Amino acid sequence: MQTPSSASAESEKDSGNTYVGPWLLGRTLGQGNLAKVKLGKHFQTNEKVALKMVYNDELEDKDTWKRLQREVTILRQLHHPNIITLYQVFRVPKYTVLALEYMDTDLHSMVVKHNRLDECTTRKIFRQIVHAIDYCHLHRVAHRDLKLENILLNKDLVVKLTDFGLSNFMLDGSFLSTSCGTPHYAAPEVIQGRYYDGCDVDVWGCGILLYLMLVGEFPFEDVTISNVLSRVCKGIYTIPSFVSSSASDLIRQMLMVLPTSRIKVAEIMQHPWFIADLPTHSRLPSRTSSFSSKHRSVTFSPPDLAILFDPSITSPSSSVGQIPQPTDHSALSPSKPMSISGTESPNPDPASLCYSSYEDLYSATSWHSDMAESSGFLDPTDIPPIPSNVETLRSSLPQRHASFMNKVYNHPLSRPPAPNRLRSLRWHYGIQTAKNPIEVLRKLCEALLELGARFRPCDEESFLKENKYKVFSCITCHNSPVYLVIELFSIGPSASVIDIRFSSSDDSIKYTSSYSPMPFLEVVKQLILKIA
C-alpha cells in the first residue's frame, strides 16, 4: 500500500478520509488554546496514536516553543512502562504534530464515573503513579503538573503519566521558582511564590491525587479560589471517616505544609498502605543514583526538524532557532523517516514508525537495565526555565464542585481548627545564624575581599525573591579559580541561613567526575572562618 498523496502538505482527503502525514485522523480527544489532540491511525499498520497538534502560529511565541521543545526532550529521555511514549515528531504548514502512545481513558473520567474508587483499585493506580514519579526524579525531572487529567489509563488499569509541558530539570543545590499548575493541585510553596524543590511539589501532587481517588473531591475545596489557596497554605482539610487509617496517615504525610516535613518518594514506597497485599519479592529495592544516557528512537519529518530538538545534530542548511517549513508532501511521507541520530534510513519500513518505540520499551534491555547505565545524562542547562503563573481554572470535577457549593450556601461555613504549630526542626541546611541579615552581608563582603575574591550580586530579574539574596564569586586557590554561589535565606524574623555551593557556570571550568573537590572545600573553610 502506498502513502496517500495530495497537493496539500497539511492533510489529504481520500474517499472522505483526512490524513496528516502518515496518520488517518479520527475523533478529537481534547482541545486547548494552543493545541488539540486527535486520534490517529497509521495508514498501513492501523496502529492507534494520540496526535498532539500544536498550532504553528502559537510556536512563534518563544515561551510556547521552549515548552514544546522541553516536552519532546524529556519524553525522549525517559523510558518507563508508566510514562507515555513519543513515537514521532513532524511538521505541516498549520501544525507541529507529536505522535504519542494512545490510551483508552484518563483518571479524571474514571473518578467522575465512579464518584470515588475503592482502596484496592486506588492502590493499584497509585503505585504506578509513584513509580513513574520516582523514575522521573531519578533522571532529575520534576513533573510539576500532576492532576487527574494527566494520568492516562487503559482497560487493564495500566497507568501512563503524560503532559510534561510544565516539567523542568533539577540541578544539584538549585531550587525552582516558576509558579505553574492548577490551583487545586498547587503546593503551598508554589502558591506563596517561594523557591521550592520539584520533588517536594510532586509529592504534594501525589497526595492530592490519592485524596481525590479515595474521597472523590478536592481536599481544599471552597467557595472561591482565594479561599482554596488560603486553605492550602494553612493546611486546613479533613479526611472522611470511611478512608482507612493507614491511607489517612499517608495522605497527611504527603500534604504537610512545610516541605522539609513532607514525606519523600522513597518513604512513600515503603509505607504500610503502599506495600499492602504486595508480595515481598515484588517490592522494589532502594534505587541507585545512576543515570541513563540512552534516548528513545523518535522519527522527525522533515529531517531538519530534528535539529531543533537536539543541538548535537548539525545541518548546513538549517540552524537552531529557525523553524523549517516543508516544501512538498514528500517531507511528510513515512518513506523518509529520520531518527534522532541524524541519519536517514536506507530501507525504511512504515511499521517502524510505530513499533520502534515498542521494541525499545519491551525488549530485553528494559528500563531496569537503562537505570544501571551511568555513562551520563541529558544536560538540563540547554533548556532554560519558562516563566508562568498560577492560573484560575474551573474545577476538574464540576458535579462535585456544584454539590459542594450548594452545601456551603445551605449551611453555615465551618472550618476545622488550625493544626498545632509544628515543632522546630533539629536539622537545617547551610550555616544558620541569628545575626541581622545586613550584618551578615557586611561580614560576607569583608571576608570575600580579604580572600581576594571577585564577586557580584545576582541580576535584577532574580534579585531577592522575598526571602533570598544571592552572590556570585570567584576565589583563587592554589592558582586554580573556584567559582561559588553564596545564598542568604531568611527563615524567620530572627534567623538566616547561608548556603555555599560550587558553581560550574563559567566556561573556563566544567564540573566532571575527575574534578577534585578539595579547592572548593579549602575555600569554604577559609570563608567560614572569616565570617564566624
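Cβ atoms here come from the backbone N, Cα and C positions, even for glycine.
Keep in mind that what you see is a predicted model, and the values were worked out from it rather than measured.
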Identity of the ATP-site residue among Lys52, Lys62 (reference: Leu29, Gly30, Gln31, Gly32, Asn33, Leu34, Ala35, Lys36, Val37, source: Swiss-Prot): Lys52
Long-range Cβ environment of Leu29 (ATP binding site), under 8 Å and at least 6 residues apart: Val37, Lys38, Leu39, Ala50
Spatial separation of Asp145 (active site, proton acceptor) from Ala35 (ATP binding site) - C-alpha basis, Å: 17
Neighbours of Leu29, Gly30, Gln31, Gly32, Asn33, Leu34, Ala35, Lys36, Val37, Lys52 excl. site residues, C-beta within 8 Å of centre, ATP: Met53
Integer Cα-Cα distance in angstrom, Gln31 (ATP binding site) to Asp145 (active site, proton acceptor): 18
